[in-house]
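See structure below.
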Amino acid sequence: MNPASTSHATLQGLLRHARQRLEAAEVDAPRLSAEIILCHALSLRRIDIMLTPDRIVEEADCILFSELVARRATGEPLAYIVGEKEFFGRDFAVNPSTLIPRPETEHLIETALESLRSGPARFVDAGTGSGCIAVTLCAERADLSGLALDMSAPALATASHNARRHGVAQRLAFVRGDFTTSLLRSGSLDLYASNPPYISEAEYTGLSREVRDFEPRSALVPGDTGLEHAAAIIAEATRVLRPHGILLMEFGCMQGADMASLFTPYSTLWEMVEVRRDLAGLDRFIFARRNLLQP
């Protein structure tokens, strides 16, 4: 879009040019992307575009819109362009330091809420990223509190912002650390939740450009196999969970059998280890419950 030709641009005209540009760039859902970017750039609702398609747009707004569309045409995720992503009915700030929350992780939240005992409970969210798991758990239940871990200081700052945004910051502690960070007493938690990096090096090269070229590699790839963090998470969860405490850990849809096998050294300490599926019917996360024995 040529900024010099935008002095009399209308909403529908901008939308048409943006859609054509995004179609040419082979971006997913080009019309929807154009509408969302236009609403973001002009602080509009989508209904405003429908009701006033011939509204004249100021040149400065046209230029801003054109710049944002150009970013989308490179494959940059829409969530990074508008600065947020919806998760479990709430908007979360995201940026290139954080993984963009995925819908399949919402099933982990649902399982946690269904499985936790009533009354006050404590959890850890290891590899918190945007904080979507930790913040959502606290927002859904006022009697939950927890610790959110991440190695990325910018990600922790984003997660802390999201906690304040949704009014749960007083029940969350944000700490820089990895999956081996032992900050908690043995037997002190009711839930260990984690969506760790689990993409293998081979899988990474085949990811879409939106993921591979823009989302933080460290939040996606732990090493050659994709399972490099899993054993450490299981060991730490075995230590810090109370009797009947729950481990929920997300993984890749082809990793279920390998993930379950990592519990073998701790088989006497877990009363239940299950591979759970997401709403698409794909293996997606481990559900495990500690027994009464101490490690």
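Here the Cβ of each residue, glycine as well, is placed from N, Cα and C on the backbone.
Quick look at what Swiss-Prot lists:
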BINDING   Gly127, Thr128, Gly129, Ser130, Gly131, Asp150, Phe179, Asn195  S-adenosyl-L-methionine binding site
BINDING   Asn195, Pro196, Pro197, Tyr198  substrate binding site
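Considering only the binding-site residues Gly127, Thr128, Ser130, Phe179, the residues lying within 10 A of Pro196 (substrate binding site) on a C-alpha to C-alpha basis are Gly127, Thr128, Phe179. For the pair Gly127 (S-adenosyl-L-methionine binding site) and Pro197 (substrate binding site), the Cα-Cα distance reads 8 Å.
Sequence-distant neighbours of Gly129 (S-adenosyl-L-methionine binding site) (same chain, 6+ residues apart, CB-CB distance under 8 A): Thr98, Leu99, Pro101, Asp150, Ser152, Ala155, Thr158, Ala159, Asn195, Ala219. Listed in sequence order, Lys85, Phe87, Phe92, Ala93, Val94, Thr98, Leu99, Ile100, Pro101, Ala155, Thr158, Ala159, Asn162 are the same-chain residues at least 6 apart in sequence whose CB falls under 8 Å from the CB of Ser130 (S-adenosyl-L-methionine binding site). Long-range Cβ contacts of Pro197 (substrate binding site) within its own chain (separation 6+, distance under 8 Å): Gly127, Ser218, Ala219, Leu220, Val221, Pro222, Gly226, His229. All protein chains considered, the CB of Phe179 (S-adenosyl-L-methionine binding site) has 22 other CB atoms within 10 Å. Of the recorded residues, Thr128 (S-adenosyl-L-methionine binding site) and Tyr198 (substrate binding site) place their C-alpha atoms 14 Å from one another. Using a 10 Å radius centred on the Cβ of Thr128 (S-adenosyl-L-methionine binding site) and all shown protein chains, the other Cβ atoms total 32.
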